[in-house]
Amino acid sequence: MTTHRNDTLSTEASDFLLNCFVRSPSWQHWLSLPLSLLFLLAIGANTTLLMTIWLEASLHQPLYYLLSLLSLLDIVLCLTVIPKVLTIFWFDLRPISFPACFLQMYIMNCFLAMESCTFMVMAYDRYVAICHPLRYPSIITDHFVVKAAMFILTRNVLMTLPIPILSAQLRYCGRNVIENCICANISVSRLSCDDVTINHLYQFAGGWTLLGSDLILIFLSYTFILRAVLRLKAEGAVAKALSTCGSHFMLILFFSTILLVFVLTHVAKKKVSPDVPVLLNVLHHVIPAALNPIVYGVRTQEIKQGMQRLLKKGC
């Protein structure tokens, strides 16, 4: 009888309800404006960067193609997450259909992994540029970028696909209120009346395999870069090399730090309000996206000059 009742309840629910900040509902009021501004900044800045690289012939180089890919990933992530969060904040539109929820879950996992992988390829690009400058034009070519993009796409599309599939196959026995602003896998699977061990193990193992391996390779690249830079004896060479890599490393460090803080708050959830990981999860989809084009635009002379030329043409 209990099984029949659970099955009946699970068929009645056609939507999930996203319940943001259960213990701190007032956060929605003071977060809505800054989140809106960050969202507009992220979309506007990334779109401007994409148009600049596309329209400016001098920027048709492998590094800037990778930067275009990063901007495209940021735009998709922002559009997948932030508009729904804002409609909850402004209009209390909390329902989200099962297919939309699992699609959002897949895009978030897939595109965050793709972003991490793109940072890893960009770190390799800087490693070759600093440590093997004479070989750079023969190694980092347009063909290399195409192969790197195919690797980024294939690896992350396939590796993250089981996450929403495993969650979609679970039975949801009447409980449909997700204590999160987004359809995070852990938050959604917590509502299931089935055993979710495999689901959580795959999320954990897959996440650390993808992001962990990327971060290890990134920091190895920058270790070799730092060692090579410190050996430079030409006047001003060290400052120039560090400036070239500085913007990349700053963004990677921020991306990694906010992710690490998010993981640590989950581990120490008894000591931290449950709303803090929810907030960090939302911010992780918009702050790096807003910072990436700004840091590159400010610190990369070629992009700044390209934007200035486009503005002059427009005037």
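Heads up, the Cβ atoms here are built off N, Cα and C, so glycines get one too.
Positions annotated as domain 'G-protein coupled receptors family 1 profile' by TrEMBL: 45-296. Feature annotation from TrEMBL assigns transmembrane segment to 31-51, 63-91, 103-124, 144-166, 208-230, 242-264, 276-298.
Here the transmembrane segment (63-91) has Cβ contacts under 8 Å with residues 18, 20, 28-29, 31-32, 35-36, 39, 42-43, 46-47, 49-50, 53-54, 104, 107-108, 111-112, 114-115, 118-119, 121-122, 125, 140, 142, 145, 148-149, 152, 181-182, 282, 285-286, 288-289, 292-293, 296, 302-303 of the same chain, all six or more residues outside its ends. The stretch in closest packing with the transmembrane segment (276-298), judged by the count of Cβ pairs under 8 Å and taken from 31-51, 103-124, 208-230, is 31-51. Same-chain neighbours of the transmembrane segment (31-51): 67-68, 71-72, 74-75, 78-79, 82-83, 85-86, 89-90, 279, 282, 286-287, 289-290, 292-294, 296-297, 303, 307, 310, counting only residues six or more beyond its ends whose CB sits under 8 Å from a CB of the stretch. Counting residues 6+ beyond its ends, the transmembrane segment (103-124) has Cβ neighbours under 8 Å at 63, 66-67, 69-70, 73-74, 76-77, 80-81, 84, 96, 148, 151-153, 155-157, 159-161, 163-164, 167, 182-185, 188, 210-211, 214-215, 217-218, 221-222, 248, 251-252, 255, 285, 288 in the same chain. Mean per-residue pLDDT, taken over the domain 'G-protein coupled receptors family 1 profile' (45-296), amounts to 88.
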